[in-house]
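A.B. asks: From Swiss-Prot, here are the annotated features:
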type    : residues                                             : note
SITE    : H38                                                  : site 'Important for tRNA non-discrimination'
SITE    : G90                                                  : site 'Important for tRNA non-discrimination'
BINDING : E182, R228, H455, R496                               : L-aspartate binding site
REGION  : 206-209                                              : region 'Aspartate'
BINDING : R228, D229, E230, Q237, E489, G541, L542, D543, R544 : ATP binding site
Amino acid sequence: MIDFLGDWKRSSYCGELRGGHIGQEVTLMGWVSKRRDHGGLIFVDLRDRDGISQIVFDPERCPEAHAKAESARNEYVLAIRGTVAARPEGTVNPKMKTGEIEVLVTECKLLNPSKALPFTLDGFVDVNENIRLKYRYLDLRTGTLQQNLMLRSKVAQLTRSYLSDNGFIELETPFLTKSTPEGARDFLVPSRINKGEFYALPQSPQLFKQILMVSGFDRYFQIVRCFRDEDLRADRQPEFTQIDCEMSFIDREDIITVMEGLMARIFTEARGVKVELPIERMTYQEAIRRFGVDNPDLRFGLELVELSDIVKNSGFKVFADVVNGGGIVKGMNVKGAGAMSRKEIDDLTEFAKIYGAKGLAYVKMTAEGWQSPIAKFFTPEEIATMDKAFDAKEGDLLLFVADKPKVVNDSLGKLRNHLAAKMGLTDPNVFRFVWITDFPLLEWDEEAKRWAAVHHPFTAPMDEDLQYVESDPGRCRAKAYDLVLNGNEIGGGSIRIHQEEVQSLMFKMLGLSEENARSKFGFLLDALEYGTPPHGGIAFGLDRLMMLITGSDSIRDVIAFPKTQKGACLMSDAPSGVDALQLRELGIRLAAK
């Protein structure tokens, strides 16, 4: 028999009760997490979002409530009234927040039963993730996911409070916008009223937040959903959330200072971690030189060492020919890894090949010196010079790649991260921030045979480099900056172009005709002609930030209703087909598959 809630009101959450509540009458509501029948007394662990309380059903005290407890099973929904009591001596559970008390039931309502669960909620390590996503409403009852999402809510509240205190105004920008596909593909929304025309869901509020600066709002922020129709991986979703900010009459230093304060507030209050300010900075060129990537993980060493000048005249033609042909040779010293087996080194070689390396040379440092197939090609002086460059000691393993600069940096940069994970060097409880600055403004796209924006087309060049935008584009640096945490880019921003003629020049450099630029971005170009202030901003990926704060392996563990890597919601069965009438109203006819 199912009971109605009636006029019952909850007095406490299950996780709130402590020794100080002993003797109080309470009303609790929640789910049966566990039920134990001791041949008379029935013990139920009653769970809600705040925690668990042990509930005791005694047939002598309340036979009616005891009968309901006998029929209850896991995930049944109960409401109980009772008295908080101290647990008997020897039964206190110090691992539980409520472990010193129990509630002696005087009344019970069985509000709803539950079917048998497709998986248990107290440890689902071996449960297929697709099953968890199909039954997401059950998955979300687990403590870890609930804690993740409640912490996410706290981070959002901290963000709003901090930015509001610093003069930012929270404003919404449109979700139905114009398609300007310059990067990832847009999600398109057909217009019923304007048949044959489409809105696009925004990949970011970029243009609208710049226009808000033109409009004089000075400081804007928004915690906003964005959409990209792209191939997915563990830290990507088709819909994602950004902490989006823009400021007027500022330079890079102003933005960095304010945003460092935001990160310090979030990590102190949400994670109990002090962020040392100011955050370390590194130019793009330094990051590539030392770590091979522009998002370096600074929790460990394994820095790259440039060896080109040492080996360019050596007897090892593989290295010498690469350097003399315009390539480079770099290596890294994997400290204490000299005992690594040949198979393990072969596995590292195959990993490096994924990123374009043709091979991976190695040297094991022994008491006798170099142990390596390439040792015979180098003079003692060359070996000594390389040993010094590597700070090589007995027991170390030296790894080398020779190729074009991009291949060398990509392969060794990724190999560095791979080795750190393999060797346990990435402590999830250590948080190392670094700002990466002075990015290139443009990069040459070999496939398209044109220049492409490294960040986006609205990023301003350095003042001193503006003169080279047409004559020497590869020389230009951008007023761009990324915030990297433990090897993950968590935020990216720039000072924007605020002059129409410079923005038009940038579009021209990206291969857009004047007509095409006007068609796609005419409203921005028009706005820039009406007294646009210098401005800039940044956007933080909230999903990725929460993944790092919580130590999760995937952003799917910090999003309430994520999609799969194929962009599907297994719970609601989206995306799905629509009926013919809806398509006719939109003027759409589907092509045959």
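Don't overthink the numbers, they just go from 1 along the chain as shown.
The backbone N, Cα and C atoms fix where each Cβ goes, glycine too.
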A.B. asks: In this structure, which of the recorded positions H38, R228, H455, R496 has the fewest other Cβ atoms within 10 Å of its Cβ?
C.D. replies: H38
A.B. asks: Counting only residues 6+ away from its ends, which parts of the chain sit with a Cβ under 8 Å from the region 'Aspartate' (206-209)?
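C.D. replies: 173-174, 177, 180, 220, 222, 244, 246, 456, 458, 521, 523-524, 537.
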A.B. asks: Which ones in the same chain are close to E489 (ATP binding site), with CB under 8 Å and 6+ residues apart in sequence?
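C.D. replies: E489 (ATP binding site) has long-range Cβ partners N295, D482, L483, G541, R544.
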A.B. asks: Should R544 (ATP binding site) be counted as helix, strand, or coil on the basis of DSSP?
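C.D. replies: In the DSSP reduction, R544 (ATP binding site) maps to helix.
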A.B. asks: Closest to H38 (site 'Important for tRNA non-discrimination'): which of the recorded positions G90, R228, H455, R496, going by Cα position?
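C.D. replies: With Cα distances computed to H38 (site 'Important for tRNA non-discrimination'), the winner among G90, R228, H455, R496 is G90.
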A.B. asks: Counting distance between Cα atoms, which of the recorded positions G90, E230, L542 is nearest R496 (L-aspartate binding site)?
C.D. replies: L542
A.B. asks: To the nearest whole angstrom, state the Cα distance for the pair R228 (L-aspartate binding site) and L542 (ATP binding site).
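C.D. replies: Between the Cα atoms of R228 (L-aspartate binding site) and L542 (ATP binding site), the distance comes to 15 Å.
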A.B. asks: Listed ATP-binding residues R228, D229, E230, Q237, E489, G541, L542, D543, R544 - what's their greatest C-alpha to C-alpha distance in Å?
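C.D. replies: The two farthest binding residues have Cα atoms 20 Å apart.
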A.B. asks: Who sits close to E230 (ATP binding site): which same-chain residues at least 6 apart have their Cβ under 8 Å from its Cβ?
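C.D. replies: A184, R185, R236, P238 - these are the non-local Cβ neighbours of E230 (ATP binding site), listed in sequence order.
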A.B. asks: What's the CA to CA span in angstrom from L542 (ATP binding site) over to G90 (site 'Important for tRNA non-discrimination')?
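C.D. replies: Cα-Cα distance, L542 (ATP binding site) to G90 (site 'Important for tRNA non-discrimination'): 45 Å.
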A.B. asks: Give the mean pLDDT for the region 'Aspartate' (206-209) on the 0 to 100 scale.
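C.D. replies: So the average pLDDT across the region 'Aspartate' (206-209) works out to 97.
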A.B. asks: Measure from the Cβ of L542 (ATP binding site) and count the other Cβ atoms within 10 Å, all protein chains considered.
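C.D. replies: For L542 (ATP binding site), the count of other Cβ atoms within 10 Å is 23.
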